[in-house]
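Participant: Below are the structure tokens for one structure; questions will follow.
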């Protein structure tokens, strides 16, 4: 087996395949759970849902392109590839790079649209517009760089023809910096509104942690950025392999993170089923010693335990109507925070739990 100059195994193709396939499966699973949660609560799909579905389609495509890259030698040293592999690999990489940029941009826009739906307040609206504009500008500019990196364009995937190209490594680094910086700003956008909620500190922290679950996307983006520094055009199939696979990890994790705050109906359904099962089992054990005695007057003497009571949940009530924080005078007695302007009010009426919920955590604070 080939060994690289640093003494490491010269073939990482199995790792690239397994990682790519695993992320594609997980992204698909979480998107299906999100859609199931929306259907369960009879909430129509919104712009954030449709945009995320489009982003998921792009994730699937770049995942397949990465597997094709591996088929044509990605994860092996370029000098070991056949002539056919050396010709085909740059072509697939060219398409992969262009589509990756669009995928990242679409997923970011989906997250911003979700923020606007959950938090119908002025600060989130303005922040979403600003970050959305920056994301679109970044996406267009980097896409143009990716397509027109060489003159003529064909030299981007046919390096032996006459022409010239920009410094590709520098372009990739320039792509990476604004990518993870905007990720950080998008991730932190809902922190301030959530912190101003009129709720107990542990609850506010829990809600913030839900949204910060997307921090893995930032970590993946930064790690991919670091891997770019290993890239050399002379051995692109080896030095770019991990970075390409982490593009799939980053975008797949983006889909997963965008789905997490919408899964409350499924979580509560599973939890209620688990509680009912435990209560039924406890009831059966409690009644077992009486099973041998006949019932009197045709009546069942066994005590029946209720499957559900209001004590199963801990309702929250508003502690004030106006303060330096968010106005929560419209708080539902069974919910945490409710907004009559949220498109997910129907979900909140039945579930009432903001944590990971489809409903808005805030009343309009315009």
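Using the three backbone atoms N, Cα and C, a Cβ is placed for every residue, glycine included.
Just so you know, TrEMBL annotations never went through curation; they're auto-generated.
Pasting the feature list from TrEMBL:
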- 298-307: compositional bias 'Polar residues' (COMPBIAS)
- 33-268: domain 'Rhodopsin' (DOMAIN)
- 294-325: region 'Disordered' (REGION)
- 20-37: transmembrane segment (TRANSMEM)
- 49-72: transmembrane segment (TRANSMEM)
- 92-114: transmembrane segment (TRANSMEM)
- 126-148: transmembrane segment (TRANSMEM)
- 177-195: transmembrane segment (TRANSMEM)
- 207-231: transmembrane segment (TRANSMEM)
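How buried are these features, and what lies next to them?
Facilitator: Nonlocal intrachain contacts for the transmembrane segment (92-114), taken as residues 6+ away from its ends with a CB within less than 8 angstroms of a stretch CB, comprise 46-48, 51-52, 54-55, 58-59, 61-62, 65-66, 68-69, 72, 74, 128, 131-132, 135-136, 138-139, 142-143, 146-147, 156-157, 175, 179, 182-183, 186, 189, 214, 236, 240, 244, 247, 250-251, 254-255, 257-258, 261-262.
Sequence-distant contacts of the transmembrane segment (207-231) (same chain, at least 6 residues past either end, Cβ-Cβ under 8 Å): 111, 168-169, 172-173, 176-177, 179-180, 183-184, 186-187, 190-191, 194-195, 197, 199, 239-240, 242-243, 246-247, 249-250, 253-254, 257-258, 260-261, 354-356, 361.
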Participant: Who are the long-range neighbours of the transmembrane segment (49-72) in its own chain, taking Cβ under 8 Å and residues 6 or more past its ends?
Facilitator: 13, 16-17, 20-21, 23-24, 27-28, 31, 34-35, 38, 81, 85, 88-89, 92-93, 95-96, 99-100, 102-103, 106-107, 109-110, 113-114, 241, 244-245, 247-248, 251-252, 254-255, 258-259
Participant: What residues in the same chain, six or more past the boundaries of the transmembrane segment (20-37), come closer than 8 Å to it by Cβ-Cβ distance?
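Facilitator: Long-range Cβ neighbours of the transmembrane segment (20-37): 45, 49, 52-53, 56, 59-60, 63, 66-67, 70, 245, 248-249, 251-253, 255-256, 259-260, 262-266, 358.
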